[in-house]
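Marked as chlorophyll a 1 binding site by TrEMBL: TRP99, GLU120, HIS123, ASN223, ARG225, GLN237. Annotated chlorophyll b binding site per TrEMBL: ARG125, GLU184, in sequence order. Under the heading chlorophyll a 4 binding site, TrEMBL lists GLU220.
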Amino acid sequence: MASKKQTMAAAAGAAALFGTATFVTSAGSSGNLRATVRSSNRAAAEAPSTSKTGFQLTATAAACVMAAQGRKAVTASKHQVTLTAFENELGVQAPVGFWDPVGFTSDGDVAVFKRRRSVELKHGRISMMATMGYITPEVTGKLPGFLSPSAGLKFADIPNGLAAISKVPVAGWAQIAAYFGFVEFSGGFDDYKSGTPGDYGFKVLTSSDPEEETKKLSAELANGRLAMMAIIGMFFQDGLTGSAWGDWANYTASPLRAFENEMGAQPPFGFWDPVGFTADGDVDAYKRRRQTEIKHGRIAMLATMGYMTPEITGKWPGFLSPSAGLKFEDVPNGLAAISKVPVEGWAQILGWMAFCETSKSQAPGTPGAVGDFGWKLITSDDPVVKERKLASELANGRLAMVAIMGMFFQDGLTGSAFGDFAIKQGSAWLAFENELGVQAPVGFWDPAGFTADGSVENFKRRRQTELKHGRISMLATMGYITPEITGKFPGYLSPSAGLKFADVPNGLAAISKVPAAGDFGFKVLTSSDPAEKTKKLSAELANGRLAMMAIIGMFFQDGLTGSAWGDWANYTASPLRAFENELGVQAPIGFFDPFGMTKDGDMEAFKRRRATELKNGRVAMLATMGYIVPEYFRFPGFCSPSEGVKFADIPNGLAAISKVPAAGWTQWFLFLGLIEKGVYTYDPTRSPGDFKNAGVLGVPNGSTMVPGEGRNRKLNSELANGRLAMMAIIGMFFQDGLTGSAWGDWAQYTDSPLRAFENELGVQAPVGYWDPMGMSKDGDLKTFRRRREAELKNGRVAMFATIGFITPEYFRFPGYLSPAKELKFSDVPNGLAAFSKVPLTGWIQILIFCGMVDFGLYRADDSRDPGDYENAGILGVPNASGPMSDVEGRKRKLNSELANGRLAMVAITGMLFQNGMFGTTGPAMWGFEA
């Protein structure tokens, strides 16, 4: 069942598709219509073969209209000209240009055009008001008091939408009609004859700049068109469902509901048929389409796996066609394979498909008509489980159909089975791939295809907008954070209003307190070095994008919880809270459901998922132990005496799969089936994971635990360990598959570009070279050196900062930090609270010192190692002694510096986080007192 927001989004999306998307930017200012007609006629007479893009579009539109009206082709040239009479008017915007598919303007009558434009503006303005009238009562509430005191009718009594019509008294309708009449007659009816259509003397959308005025008036037209689409959609939903937002539950008469309990109707969409295939309620047609959907889904799942499997597991050994000398490994992946399969192969494929299709009757009423062909892999004795499995098949098939279409598209577009962007040289997007903001690892990212037309002018306009939004978002994000950490400015924000900075709350609540003011125009990011300037501007773009995401998240949290930092305790209406006291809800995360699987508050679904989580966790714990134990101990004797396979002969990890004989796999499946059906039988009357024949922690026939704190602690531990084991076993599989070693021996993974840096400083046991985000996978030595230098600087600063957190707890300097301010060192608190005590001159001294160290001592030199500066000697100490003679000792010390710096970066981040959250420093941060 669609929610109000989903329904509104659908209506707005449809309206946007047919309305606003058509009208983006102004095509130019209004021109003299008759002059345009004359020039167009003259142009047509002098140059009938002129090939202009806009001319062709309008000619095609006119020709289509005339064909539909049954006119002769000879009249086409006349209408190709008359349509151009209005192509410079307001509302003619890219990408459609002048759009008149019905041919209203085909006669070129200027007076009629103006009259229609006047009507369009009126309708658009009324529709904008009507759309807001639908939305506003839902968002802001209704006006207080009485609409009609004499009738005792309050505003709050009037329902939203069409139902309001029956509530307004006759006197109210008279007032509305009188007001309409006043507005209509006072403005006159000849605006389109004597002046500009829609101009009634009351000008809000205007400007002294003609181009700006044209843009505003074009925007009004576009918004009015969108509003006309939107209000029609709202009326349709309201009239159909009786609810202002089209609640599906209220629309019981729909023939679509005949199938809402069928397979495949799953949340969050429910029964989804946007094209209305089932609108006639024909059960036989529905079953035929369902059969087709199942077939297509199964084929798509096989096809999707066929795309992926050769990339991951490799191809079969031997020959696909011995007679043609064609090996499986010679067949490329993806669409390119079509050209490699011999004719006999295609005959076999078609024969097999025909056999599958015709070997079972699919007539209406037969099992085959609903996708049941006798071979039942997805089945169960439990009807609920069986239905869930079949629904999963449908959902997976739908996903696979989307996936395989995407794979075909990528493959056909790029010639690569997985759509390598570098191969697609013809893309208009590549026109901008060297612009600012194109940064690793995403590169040029335009998923919505805004730059698909290759328009440099549009790109620059959007880039300007992005920069503005980014700068505002960076300031807004800092504005959210700074008052929480450093406090607020002293004194008054508005002396005349008696408003202190301290009185302004943080977050959205501040909007109601701040008086109006503003400024624009300030350049900070510049440099005489073009490369440095480019780097700074690229960084600004990246930071702006991050800030836009951050500020949206902050607004969302603030609006949802009423707290600038989104305090969970304030959000009591969340359905997620229904499960916050369940097992597995542990500090520091609390109840963790980032995908919102439990947002519907369905206890049964929660229990089913919890039971699945417990089973998977238990299996993962056993699997993880199964990876570890054989490294230290194996059973003596034979795994299979008949096959002569000893336990000692079975390798650890994924390689063991190839060694287990068929009888062994059979025993496994039987054992798993016995456990699943005989021991771990789901019982909805018991807690998830608590099975009748499986006691403590799932051990078969184990004892039970007395309810209480100890039981909860052990069950929580099981859940936590199971979650850890699921992560661990996935990591082990990944390492094993990548390296061929159960423990992911790095030495065996020789293809990795990361190995270009495995002999650099900082590569230490037990992790080795660690780059989980793949920053160095391009093998770029220059970038690696730059990042290593930044790591060393940050590490050195972090070591100082960590020591700076700890030392004042045991020792402080005597005397004054600022004699002029009478500020002693002993008066400065430890941690973040110290920010508020350091005077302005102190901050200036700190910044000057940092600049002197960074620009005077730590100057990068490409001829020296990262972190090795001419004026900073051993371990970065300014003007320290020269190079160390002991090569091994030097390497050990430099490695120690890197390791300690990394530890210090983690440590200081944790200290700042703890200090900011709990306000504690020193031993109190760690849970004990000195």
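A Cβ is built for glycine as well, from the same backbone N, Cα and C atoms used for every other residue.
Bear in mind that TrEMBL entries carry predicted annotations, made automatically and left uncurated.
Here the features listed in TrEMBL are painted onto the structure.
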residue	record	Cβ neighbours (10 Å)
TRP99	chlorophyll a 1 binding site	14
GLU120	chlorophyll a 1 binding site	17
HIS123	chlorophyll a 1 binding site	16
ARG125	chlorophyll b binding site	15
GLU184	chlorophyll b binding site	11
GLU220	chlorophyll a 4 binding site	19
ASN223	chlorophyll a 1 binding site	19
ARG225	chlorophyll a 1 binding site	21
GLN237	chlorophyll a 1 binding site	25
Cα-Cα distance, maximum over TRP99, GLU120, HIS123, ASN223, ARG225, GLN237, record's chlorophyll a 1 binders, Å: 28
Cα within 10 Å of GLU220 (chlorophyll a 4 binding site) - qualifying binding-site residues among TRP99, GLU120, ARG125, GLU184: ARG125
Nearest-integer angstrom distance between the alpha carbons (Cα) of ASN223 (chlorophyll a 1 binding site) and GLU184 (chlorophyll b binding site): 22
Of the binding-site residues listed as TRP99, ARG225, GLN237, the one whose CA lies nearest the CA of ARG125 (chlorophyll b binding site): ARG225
Inter-residue C-alpha distance, GLU184 (chlorophyll b binding site) and HIS123 (chlorophyll a 1 binding site) (nearest angstrom): 12
